[in-house]
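Note sheet for the following structure.
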């Protein structure tokens, strides 16, 4: 028996996450990952990623998915849904079969990149090749990469349909179809495209649908396309137990002052601030920068490469504050985020649920603060009723134990997400470099010196603007907490505000 488990002693395990967790992830049947009879290479990746025991959604979904049955799963944000479908996907893939065997569809590029990174992390020993394809990127690069071996295709609906229609992506042997954020995927924006994509898959494929909310459109899709699905519902309550929710009643022109007060009093590890429009995202990011805080921003109107850079740097903790639209409300898992602020109160309960779910990930603690004005009061009551939760008035002092981990070093740093196109370009450059070196060695044998291959730097990457010295002095004069004393990035990426958009009239 000891010989069977000897491989565990050779694993490169990360530092254990000692932060307290809630019943959202602890209320399990007591199973372990070994109980699912997964292949050893997959277990190695699971343990090296820091996974210890399966969460409730993983415990329910993994063994059923491995048997090949369709699944319709509903669970809270931040409880391990991604691993719940990635693990059975990796278990079912046959590395020696050079075909696309699994298709994972997600609504945004950021979520696609994150999902692919989970696949690469958990499947690092499995020999599985994963490719990401999304709109807004070079189609030619995708076509070239599909000439190589791809086992798992992760993408957004439009680009996947484009590649399948061109017969570049061969889905004829794709036996597994996964939809994350199924409620969004089956909205009017994507439903027709999803229906078309399914025509390229074999009829006898397995379908896994995961989401936190299931509207009528999902049920209609289930009746039409799923065969006797196993239904999982772990939503006794909609909001995560580890998130404390407050509202602050302020006039519109006082919101920025209130935000500044929160920055000075809260112990923020990382924070996401949501606005309801792209113009307000950019303007608020500029205002926060003017106050002397480091700040990035992201919204759907930005260039794709800029969004990628923001997402990557924020995940790596290079800045504490991110201002964004609802672009990042779905699926984005950054465990260092412990505070979410709704600078603009959302219009629907669904949006509110996804926004505050960016904190308190995987059963940990988080804080959600809503800045509301007179026009938001009825919406606040409506969302409380729909979600069955209470949003209390913000107290004068917020207990740090509600949202701050005792040991900050226990917060796991995510594995860097590399843009697949940059990875492909780097691989091609390395191949060219090797070819040139080989030619150079042959040339030296023939009597002329070989030339060293030169790899040019990546072009078009957004740069930070210089930091004015007065902002650093302002930090010290205002007595800001140590965690906020850092050089601010000037409204990342540097762009001009819309013409005629006067800040004083809004705040």
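Keep in mind that glycine also has a Cβ here, set from the backbone N, Cα and C atoms.
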As Swiss-Prot has it, region 'Disordered' corresponds, among 1-26, 27-52, to residues 1-26
Looking at the ranges 172-175, 176-179, 180-183, which is given as motif 'DEAD box' in Swiss-Prot?
180-183
Across the motif 'DEAD box' (180-183), DSSP labelling yields 2 helix, 0 strand, 2 coil
